[in-house]
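Annotated in Swiss-Prot:
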- 32-68: region 'Disordered' (REGION)
- 82-104: zinc finger (ZN_FING)
- 124-154: zinc finger (ZN_FING)
- 146-153: motif 'Nuclear localization signal 2' (MOTIF)
- 159-182: zinc finger (ZN_FING)
- C161, C164, H177, C181: Zn(2+) 1 binding site (BINDING)
- 186-209: zinc finger (ZN_FING)
- C188, C190, H203, C207: Zn(2+) 2 binding site (BINDING)
- 301-417: region 'Disordered' (REGION)
- 432-465: region 'Disordered' (REGION)
Amino acid sequence: MQMIPGDPFSISSSMGGFVHQETHLHHLQQQIPDLNPNSNPNPNAKPNSSSAKKKRNQPGTPDPDADVIALSPTTLMATNRFVCEICNKGFQRDQNLQLHRRGHNLPWKLKQRSKQEVIKKKVYICPIKTCVHHDASRALGDLTGIKKHYSRKHGEKKWKCEKCSKKYAVQSDWKAHAKTCGTREYKCDCGTLFSRKDSFITHRAFCDALTEEGARMSSLSNNNPVISTTNLNFGNESNVMNNPNLPHGFVHRGVHHPDINAAISQFGLGFGHDLSAMHAQGLSEMVQMASTGNHHLFPSSSSSLPDFSGHHQFQIPMTSTNPSLTLSSSSTSQQTSASLQHQTLKDSSFSPLFSSSSENKQNKPLSPMSATALLQKAAQMGSTRSNSSTAPSFFAGPTMTSSSATASPPPRSSSPMMIQQQLNNFNTNVLRENHNRAPPPLSGVSTSSVDNNPFQSNRSGLNPAQQMGLTRDFLGVSNEHHPHQTGRRPFLPQELARFAPLG
């Protein structure tokens, strides 16, 4: 076997036909360059594809060797710079005019440049002095560009889109917009759709700002739970009433609404009952009864209400010997009733002070009462007190109000007999002090409206002593059962003689 030394492809002479082919293939592989794109035999070589491209100057950065041309606005925007003297047809370029002159068999001449002539570029500046492109260093490169710039920035927008009402100063811009108007939609993250890109960009800026502000406020609320509670519970008094950590009688009174719901919440906490389920109709009936002169309805319905004699708004000097005086039905009486109704609602806000102070001593919450039960109890108490035909407790004199204003809150339970005896004591003192002098007239009060009060009977025909009727202490035993009451005495013989016709 003959071997070819140094040849890795050498084989035996029996395969001599293939040796020549393999040698020739190996020689060709060394001469043909590597066609693998991943391999780079010369890593220092740089691709010249980008350098072969001619870079275009950015707008506003002209060639410093270019000729700067300044045109007036009239010349710049003129549509017919070159006019034919035969047909008055205008052309924007002189070359077009020369070709047109050839049609009239006129001499024409086209500009021809010699090979030695150096072609210099021309740049155009904006005719507006305040424009940034008025400077030669910011000149625009061609005549068409300076015309469009002047029209867009300083010209009138003559073309208007019928779909979106957007106006354009350049007709080509208007045509390009008309092709795509309404075909594309820009959707914001908040779900709003826009057909115009500029409107979408403006909205997106505000929307992102609002989103960031909302995220910042939510982070502050999460870091400070007090702020979040304050922001989320405006006017929510149910949370305050149902909060077991707050003391009894605590009311959030940051905002007072004049509607009936605010009155229900105030009366509910003032009485010490849970009157959240009270119907508005029942409360309106109570307010209406109070406005017609039934002023003893509220003090007698619950002991948690403040004593009206202790508030100086209701201090009316009572020097008349006729204890059956009531508010008249005139316009003055209506104004007084309205003011008393408003003051009743206003003073009910002070009731938690009395209820909380008394409940510190007695931790016995009152049972809830419905509106119907409350009205029935008020009517029962009013009918019991109507036997005395006297004024309400807040018509007491200055001596009585001064003592009650500094006294402790009224007791929890007040029977009709105790109230009746207090009123009789007051009437006795009035009769004793003002027996020999005439009563001065009381403004806004008359005796002709006795029938207007459903809780009082008509006793206008009786004198003050006879109107006391059977409520006098004939036996003089009141001090035995009630030693804390003073000023009670039995009847004198001459006083008993006045009641003889009643028997």
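Just so it is clear, glycine is given a Cβ too, placed from its N, Cα and C backbone atoms.
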Within-chain partners of the zinc finger (186-209) [C-beta distance under 8 Å, separation at least 6 from its ends]: 163-164, 166
Reduced DSSP assignment, C164 (Zn(2+) 1 binding site): coil
Three-state composition of the zinc finger (186-209), taking helix and strand from DSSP: 13 helix, 4 strand, 7 coil
Additional residues surrounding Zn(2+) 2, by Cβ distance to the C188, C190, H203, C207 centre under 8 Å: D189, G191, T192, F200, R204, F206, D208
Residue, out of the binding-site residues C181, C188, whose Cβ gathers the largest set of other Cβ atoms within 10 Å: C181
DSSP-assigned states of the motif 'Nuclear localization signal 2' (146-153) in counts, ordered helix, strand, coil: 8 helix, 0 strand, 0 coil
Rounded to the nearest Å - Cα separation of C181 (Zn(2+) 1 binding site) and C207 (Zn(2+) 2 binding site): 24
Model confidence over the motif 'Nuclear localization signal 2' (146-153), averaged pLDDT: 92
Densest Cβ neighbourhood among C164, C190 (binding-site residues), 10 Å radius: C164
C164 (Zn(2+) 1 binding site) and C207 (Zn(2+) 2 binding site), distance between Cα atoms, whole Å: 22
Cα separation, C190 (Zn(2+) 2 binding site) to H177 (Zn(2+) 1 binding site) (Å, whole number): 26
8 Å Cβ shell about C161, C164, H177, C181 centroid, Zn(2+) 1 site members excluded: E162, K163, S165, K166, W174, A178, T180, G182, S195, R196
C164 (Zn(2+) 1 binding site) versus binding-site residues C188, C190, H203 - nearest by Cα: H203
Nearest-integer angstrom distance between the alpha carbons (Cα) of C188 (Zn(2+) 2 binding site) and C161 (Zn(2+) 1 binding site): 23
Alpha-carbon distance [H203 (Zn(2+) 2 binding site); C161 (Zn(2+) 1 binding site)] in Å: 21
